[in-house]
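Encoded as structure tokens, the structure appears first; notes follow it.
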Amino acid sequence: MDISSQKFFRYLELEKRYSRHTIENYRIDLNQFSKFLTHLNDGYDISWERVTLRDIRAFLMELHESGLGKRSIARKVATLKSFFRYLEISGVVTQSIAASVKMPKFEKKLPEFLTAEEVSEILLTVKGQSFEAVRDRAILELFYACGLRLSELIGLRMEHLILREKALRVHGKGNKERIVPLGDMALNALKEYINRRPAVALPGTRELFVLSSGKKMYPMAVQRLVKKYIQQVVRNTKAHPHILRHSYATHLLNNGANIRVVKDLLGHENLSTTQVYTHISIEHLQNVYKNAHKRATQKKS
């Protein structure tokens, strides 16, 4: 890998504070583009300052012709824009050739969410008082009560708990910290888990949630347990932890929460990211209106 690429990834890590997962995606995209350029140049490497806008467009055309989806292509465009912008700032190139490249347009799908009744039923599926059951109950409660991302839940440590104030200190994207309030149900489930944790967690383990072996939990383990409980109640849906975050945001807005407050609770950088949930709320209100108001729909003669 060339020096400019290495410095770029260090920049993403140290200054932009991107997660390892995000940086790895950038690395994959940039490596793919680099290989394409080498192939285009008859097997010879090409310096970044010699890359042209035509090269980028040829790369994107090849991705499109290979059947790659618009969302995936959009991610690669974002990578190239960030990289060439960095090269411009660093003085490697005089101007970013990727600045004028347009993002592929695609229809944004509204996020799926569960009803409040479905969430309650899911929480009731966790049976018993084994360590695993107590832990799983706390995990599900936190996902829904705090609207956490999977990476945020995995990253929780004992020192992030502010139980006296019924709150959590959450580290989100870009390692940005926010304080999230805890409801009574989630607080009780969390306290019950904390009481059981010392007997299981290996010495020195700082992460809040651990496996029955005492080691820290990893993302796939959390995804599996969430999927297991959700699919006991709702089968025809994406049983991923993020659906509980979507449900959290949607239910807050449906019950009159201010969108700017919801934005801060979710840890969104821009209000536009949160506004997707207002579309769900409007759709929900329309359905309630149609079902409850006798003059909402015209009867067919």
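Here the Cβ of each residue, glycine as well, is placed from N, Cα and C on the backbone.
TrEMBL lists R149 (among others) with the feature active site. The secondary structure of R149 (active site), as reduced to three states from DSSP, is coil rather than helix or strand. Long-range Cβ proximity for R149 (active site), meaning a same-chain Cβ under 8 A and a gap of 6 or more residues, is found for G172, K173, P241, H242, R245, G267.
Following the DSSP three-state reduction, the secondary structure of K173 (active site) is helix. Per TrEMBL, the feature active site maps to K173 (among others).
The active site feature in TrEMBL is assigned to H242 (among others).
As annotated by TrEMBL, active site applies to R245 (among others).
Residues or ranges marked as active site in TrEMBL: H268 (among others). Listed in sequence order, T274 are the same-chain residues at least 6 apart in sequence whose CB falls under 8 Å from the CB of H268 (active site).
Under the heading active site, O-(3'-phospho-DNA)-tyrosine intermediate, TrEMBL lists Y277.
As annotated by TrEMBL, domain 'Core-binding (CB)' applies to 1-88. Across the range of the domain 'Core-binding (CB)' (1-88), the DSSP-based residue counts are 68 helix, 0 strand, 20 coil.
Annotation comment: TrEMBL describes 109-290 as domain 'Tyr recombinase'.
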Open item on the list: Is it possible to get the count of other C-beta atoms within 10 angstroms of the C-beta of H242 (active site)?
Closed with: 17
Task: Local confidence of the domain 'Core-binding (CB)' (1-88) - pLDDT mean - done: 90
Open item on the list: Using a 10 Å radius around its CB, how many other CB atoms surround R245 (active site)?
Closed with: 22
Task: Assigned element (helix, strand, coil) containing Y277 (active site, O-(3'-phospho-DNA)-tyrosine intermediate), judged by DSSP - done: helix
